[in-house]
Structure formats: C-alpha cells, structure tokens
C-alpha cells in the first residue's frame, strides 16, 4: 500500500517512516512548503496535505500537524508549538514560563492530527493525544521538539529518554497514524488493492 507523507520536518519524516512501514505502508516522503494558518491542528494538517495535491497523483496524501498543549498555559503553545519562541528556543521559553508552576499543575498533552487527501480529493482526518507532564529541566537525548521536557504518564523518563522503538509504539503520532492506516485499509485500500 503506497501513500505520500508530506512534511518539511526531517524528524517527523523519520518517525513516520518507522511507524508506517510495520503498519504495511510504503511511503514516499515529500516536502511541500505551506503556511500554517489554521486555528487547529486538524486545519493545519489539511492545509499541508492539500498543498501537495498538484504534485502527486493517484495515491493518498497524508500530512501531520502536531504540538504540545500545556494546561497551566491555557493549552499553549498548541498550534504555535514549532514557532513558540522568536529564536527557535522553544524549550527554554516553555521552561521559563513554567518556572513557578508546581508539579501538580504541570500537566500537558501532545496532539497529533493526520489529514489524508484521497485521489478523489476527499479529505479524512484523525487525531490522537499523549498525556503527561512538563519536567523542570530537559532529560534524555533522543526525540525532538519538546520530547526532552515531556514526561509521559506511566513512565519515569522523558519522551526523549524512551528510545525511538518504544516512543514510536506509544506516542500521539503513532496513535494517529495507526488510526489513519486502519481507516485507509478499511475504506480506500480495500477497494484499490
């Protein structure tokens, strides 16, 4: 089963590749520039997938928009996660904003929305979340983005310390890609095998 996964983020591409292959998908990865003007993760994922429609034919086109929502910051950075600070030091800004927040109020969750534009231009979307807490300092050397300061519920190390094998079986991106792959297998690929 072949799909196109659209992203300009090399880290997302690597994760998507690791997740999609065991789910039975051969993926072509494509970088398409798209302004993220949506107010939600789903709107941005749709914009990204639709941006590739003119350059790809006859296969479903998937795109991801994801980020972290911190309860003590009223859900921010949210859709602004990748551009939360002006200088790219997103973790530093987040930790500074959380400096006086006690542990009990450091709850957060990652969100991943996947949009898929079908060859007939029909759009399908799914979303998933991964709950946890914001640490007081970065921990771990793996992952990317906010992984070093995100402690997933039920774990004693940050997402950056889990290792890619475990992270890619429990994360928000894994859950969303698994949901979308199941949807595509039941609908599109059952008719286009």
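Heads up, the Cβ atoms here are built off N, Cα and C, so glycines get one too.
Residues or ranges marked as active site, proton acceptor in Swiss-Prot: 65. In the three-state DSSP scheme, residue 65 (active site, proton acceptor) falls into the strand class.
Counting every protein chain shown, 21 other Cβ atoms lie within 10 Å of the Cβ of residue 7 (substrate binding site). Residue 7 (substrate binding site) falls within neither a helix nor a strand when secondary structure is assigned with DSSP, and so counts as coil. Annotation comment: Swiss-Prot describes 7, 8, 9, 10, 11, 12, 66, 144, 145, 146, 147, 167, 172, 173 as substrate binding site, evidence class sequence analysis.
As annotated by Swiss-Prot, Mg(2+) binding site applies to 65, with the evidence given as sequence analysis. Taking the Cβ of residue 65 (active site, proton acceptor) as reference, residues of its chain lying under 8 Å away and at least six apart in sequence are, in sequence order, 36, 38, 41, 42, 43, 44, 45, 48, 79, 112, 113, 115.
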Seminar exercise, completed: Around the Cβ of residue 11 (substrate binding site), other Cβ atoms found within 10 Å total 12
For this session: Would you find the one among the binding-site residues 9, 66 whose Cβ has the most company, meaning other Cβ atoms within 10 Å?
Result: 66
Problem set entry | Protein Cβ atoms within 10 Å of residue 147 (substrate binding site), excluding its own | 24
